[in-house]
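Colleague: Below: one structure in structure tokens.
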Amino acid sequence: MLTLGVNIDHVATIRQARRTVEPDPVAAAVLAELGGANGITAHLREDRRHMQDRDIRILRETVRTHLNLEMAATEEMVAIALDIKPDYVTLVPEKREEVTTEGGLDIAGSLEKLKNVVDRLQSANIPVSLFIDADEAQIKASAETQAKFIELHTGKYADAPNAEIRQKELESLKLGCEQALSLGLRVNAGHGLTYINVYPVACLPGMEELNIGHTIVSRAVLVGMERAVREMKLAMRGEL
């Protein structure tokens with residue numbers, strides 16, 4: 001059954017805009033779980049622009065579903081993950097000047113480094129997912145790292161300027177799923193998904209989890225986190 005991981009980063013973004021203590025992303029995670037979230041996703045960036053180390057430590061103690069820690073493949077972040085032991089880690093690219101993650105990891109271009117990071121984390125019983133574009137070479141390289149999962153970057157699909165291009169990007173995601181599954185990888189997806197565009201991605205064969213944040217937090221500002229999550233679960237089933 002397809003599951004929903006709710007990314008709570010942008011609750012912390014609102015908090016950090018005023019460098020205050022509210023809203024609390026930990027409280028948001030509790031409400032997201034009450035609304036039906038199957039997991040909580042949080043990205044601890046190197047620049048700490050939203051989530052803070054303390055948030056991640058408290059989430060590790062309070063999340064009742066599973067905690068997916070998004071992070072760069074750096075020594076600092078690997079050490080934090082080995083200490084906190086999230087339920088799994090998603091390795092993502094980072095650039096300090098970006099507004100949000102702009103594309104997938106270049107696994108093929110950093111294969112030995114990423115093999116080492118994946119091995120260290122999975123040897124500590126922390127499954128690893130690699131955030132990548134739906135590209136044949138990147139999917140093949142991901143399998144070579146021995147990571148358990150990939151997360152397909154859905155940004156090109158979500159940002160498509162018209163229906164024809166959107167359908168082409170959806171087909172690329174479908175082919176990516178098929179290739180990954182044939183190589184023994186498990187498949188998640190996320191980035192830019194909304195209540196309006198999520199259903200076709202949710203229907204892709206073999207998809208396990210969608211990680212969705214900004215649109216849910218945006219909706220939660222108006223209707224509350226529990227309802228926003230419930231509505232996304234409906235949208236994923238084509239019932240909204």
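Counting begins at 1 with the first residue displayed.
Cβ coordinates come from backbone N, Cα and C, glycine included.
Remember, it's a predicted structure, so these values are computed and weren't measured experimentally.
According to Swiss-Prot, the protein carries these features:
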{"type": "ACT_SITE", "residues": "His43", "note": "active site, proton acceptor"}
{"type": "ACT_SITE", "residues": "Glu70", "note": "active site, proton acceptor"}
{"type": "ACT_SITE", "residues": "His191", "note": "active site, proton donor"}
{"type": "BINDING", "residues": "Asn7, Arg18, Gly192, Gly213, His214", "note": "3-amino-2-oxopropyl phosphate binding site"}
{"type": "BINDING", "residues": "Asp9, His10, Arg45, His50, Thr100", "note": "1-deoxy-D-xylulose 5-phosphate binding site"}
{"type": "SITE", "residues": "Glu151", "note": "site 'Transition state stabilizer'"}
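Give me the local environment of each listed feature.
Modeller: DSSP assigns His43 (active site, proton acceptor) to a strand in the three-state reduction.
DSSP assigns Glu70 (active site, proton acceptor) to a strand.
According to its DSSP assignment, Gly192 (3-amino-2-oxopropyl phosphate binding site) is coil. Taking Cβ-Cβ distances under 8 Å and a sequence separation of 6 or more, the neighbours of Gly192 (3-amino-2-oxopropyl phosphate binding site) in its chain are Thr154, Gly155, Tyr157, Ala158, Asp159, His214.
Sequence-distant neighbours of Arg45 (1-deoxy-D-xylulose 5-phosphate binding site) (same chain, 6+ apart, CB under 8 A from its CB) are Met51, Ala72, Glu94.
DSSP assigns Glu151 (site 'Transition state stabilizer') to a strand. Counting only same-chain residues at least 6 apart in sequence, those with a Cβ under 8 Å from the Cβ of Glu151 (site 'Transition state stabilizer') are Thr90, Ser129, Leu130, Phe131, Ile132, Val187, Asn188, Ala189, Gly190, Asn211.
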Colleague: Can you grab the distance from His10 (1-deoxy-D-xylulose 5-phosphate binding site) over to Gly213 (3-amino-2-oxopropyl phosphate binding site)? Cα atoms, rounded to a whole Å.
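Modeller: Approximately 7 Å lies between the Cα of His10 (1-deoxy-D-xylulose 5-phosphate binding site) and that of Gly213 (3-amino-2-oxopropyl phosphate binding site).
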Colleague: Under a criterion of Cβ-Cβ distance under 8 Å and sequence separation of at least 6, what residues of the same chain contact Arg18 (3-amino-2-oxopropyl phosphate binding site)?
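Modeller: Looking at Cβ-Cβ distances below 8 Å from Arg18 (3-amino-2-oxopropyl phosphate binding site), excluding near sequence neighbours, one finds none.
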Colleague: Check the recorded positions Asp9, Glu70 for other C-beta atoms within 10 angstroms of each C-beta and report the one with the most.
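Modeller: Of the recorded positions Asp9, Glu70, the highest Cβ count within 10 Å belongs to Glu70.
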Colleague: If we check Cα distances from Glu70 (active site, proton acceptor), which of the recorded positions Asn7, His43, His191 wins as closest?
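Modeller: Checking each of Asn7, His43, His191 against Glu70 (active site, proton acceptor), the shortest Cα distance is to His43.
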